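J.: Right, I'll just put the structure down here and ask away after.
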Ligand SMILES: [Zn+2]
């Protein structure tokens, strides 16, 4: 590098030329080499020296600026170096001197652009008048000097990244100037020739409005109106895409933040509970947390879909990862659980008499036919005279689950994929067959439907609700249901409306619900085939955001009328008006408020979990009084999760009462223009003690209802109430052949809300009372499955329903399972949460799946006793082979397991000290590998076996660590659907979820067959079974 010592002009020019040539063909490596050898400093020094000679020699300066621009881009410390060598001032002076000399000016701007890329240097340039200089260069629309103007806007945008420059820009009134420039260029540049210049102005504004004073200046200068108009003008013009994108980001940043339209964020429901409410403080996010959150981020590809686990959450303390058997309570206490394991002690006679012959077996349905499979279009629903005992039906049980394993399914699946049902209702209606999914004739009598609808209106619609006194309601409901059932006979497997109504009588809710939702009473049949993921319409989010802005700046057509509110009891609804009617005071219902915004648009607010001020995500409500063929827009405005599968193909679910009466009692996925994005509502700073309030998200979707004046129900996911579970368990119990299936349900404990938490035991009855058989019966290993600790995860209940129905079925796999295991199942760990429409918590406002480390009997009874039961099994040497807790996942697709591994956790945390001596049985991987092969919805690739600190008090980690159960899992089922395997591109229906439950059980059997301890007898029987089946499964079973 001879620049510094060269005083001779010719040699400097030569060196610059050589350098320019070298670097123009060279790669980054050459430039970095040059930088490392002090190249930047040498160039900058030459600049300063040359600029200070009078007159400046532009033959040297221009190639020098070109080199500086090139090198500066690669040198992270370039701005700092320029500052130290006083290159800023000379460049600014040169630029000012050359305002009329485009070529020279442009070269100076290139240098300024790289100087300004460092915020400190940018701030210094600002102090020295760089912004004023730029405002002398940028002009209203012109076709001259556009290259210079473009670079000038880029310099300005870089300068405005510095907060002090932004502040100065606000004080000098540049916000209004930039808006005027933006408008001028926007109106003249009709051919979109100068998009980069126009985007440059917006980038400048975007940096300024990150300051509060910038936003105020923007609003005062009518920025919302101006950018709204711009964006509206060119929404469909792809060539100005970068401009719309910036404009929308600015609009979102500047939309005035406001508190939710609620009297309080706390739940409308409170319940006196023991102990102090320990609801965790709401997570506080600051404005800065969102700065990088661009508009339409979801359109940038699906990679952002997966939420990455934080590595620093991994547990690296080997001590905390090691098995630590021990009790959290006195040992004597465990004896109470002996009574819950009567199978271990009672005699054969007691077993016999316990179930007796007097049970009305087969009265309701015969379970032995039903294997939940997603693609079965036919419901195995048997009327009374068709019902039959399992043992008479063994030969017909050929529809073994083994037929449905992943590899054997492709043909079935392809058939359903060819014609994905977008709207099952329409599909049935348009086929004109007048038959429902079971092939029964539909009583398609419109007159009777109308009459029924009036009855329904009386019972289910809020409009007339006020006319009924509470005491007579249940009877009224029962009467109407009775009448409807007589005129619309509809048998559904494992469901009974009469029993449901009876069971609901003993379900205890916090505010004493008097009403039942129709779908829960009437029941649900899965649609004949799965529905496709909704294809996201381009630009749907920006249209919604512009609509939100329009509400603010053109409020003339905004109605803003509260038409339903849990906080304002009494009739809010104007009966004469045309608006929709809402209701949610029924089990699992949780709509808190509905506000009519425009004629066909409603803002909805979900109730927070009881005794909490947060966790709004799940929703379930009734809506009526609609017109058909009109799209109604719904905005759920107080959602909490930062992202949702609603952005990736998921739709909410809808149930139409009229459709049900026409023979199609089905929850379907519905809604178009679905999207989920952060809105302008913030928790009030008063509620957070002055800290910036957390933000909320909009779920927005449009629904076109199938009938006029219908009663419909909308939900986050297929509802599954506590009463539905209790009804289901009774039906299951009555459906089994007590000589073959040992099925017992009892109460694990009472919940805080006074509801029994059911515990189910399923195994096979001993064949006879010989000692051998009784011994085998009593020594069967345990399997423990739990679900629905999180009430909003109704998908977990559907998976559980499938598992339960499968386990009591006559499927040969189910028989083998019963004969070899005792299943202890707690199908709903949080009944109170489910009943009261919570999303996450118990009545104490706490997440029960964070209470497993030290649950207390009087505060978290279901967790305390679930843990107690597991302790008891451990104390008698009978810890379960597998423990699994079923959950639902809102951010990912497919079904997958979370397990626990010390080694994987330490490896992942790159904490390998001492791991070589750690011994770990890798059998925790076997079950997920098996499920990956057999279950269509399951994928190994989403499974994780890491132990996170934040999960230390979950069922999975505690059962693994304290009970020493190496196969302790959480099974997560997507709320949405699948992006792999046979169900790729489909949303889950209840059928797919139920099938997953059955597949999970099959997985347990295969796991046993592959274990070293598997009995010879079981292996032989499984082999026979498999030989009788297709070869499909063989390779899964090879040991
Ligand atoms: Zn969960």
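Cβ from N, Cα, C; glycine included.
Annotations for this protein, taken from TrEMBL, read as follows:
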| type | residues | note |
| --- | --- | --- |
| ACT_SITE | 972 | active site, proton donor/acceptor |
| COMPBIAS | 286-298 | compositional bias 'Acidic residues' |
| COMPBIAS | 307-316 | compositional bias 'Acidic residues' |
| COMPBIAS | 317-329 | compositional bias 'Basic and acidic residues' |
| COMPBIAS | 424-445 | compositional bias 'Polar residues' |
| DOMAIN | 718-1008 | domain 'Peptidase M14' |
| REGION | 281-331 | region 'Disordered' |
| REGION | 416-445 | region 'Disordered' |
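Looking at the shown structure, what environment does each listed feature sit in?
T.: In this structure, residue 972 (active site, proton donor/acceptor) is part of a beta strand by DSSP. Residue 972 (active site, proton donor/acceptor) is surrounded by 24 other CB atoms, counting those within 10 A of its CB over all protein chains shown.
Each residue of the compositional bias 'Basic and acidic residues' (317-329) gets a DSSP state, and the totals for helix, strand and coil are 4 helix, 0 strand, 9 coil.
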J.: Could you give the residue numbers and ranges of same-chain residues that sit at least 6 residues beyond the compositional bias 'Basic and acidic residues' (317-329) on either side and whose C-beta is under 8 angstroms from one of its C-beta atoms?
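T.: Residues 853-855, 867-868, 871, 874, 902, 905-906, 914, 918, 947, 952, 960-964.
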J.: Taking every residue in the domain 'Peptidase M14' (718-1008), what is their average pLDDT?
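T.: Computed over the domain 'Peptidase M14' (718-1008), the mean pLDDT is 94 on the 0 to 100 scale.
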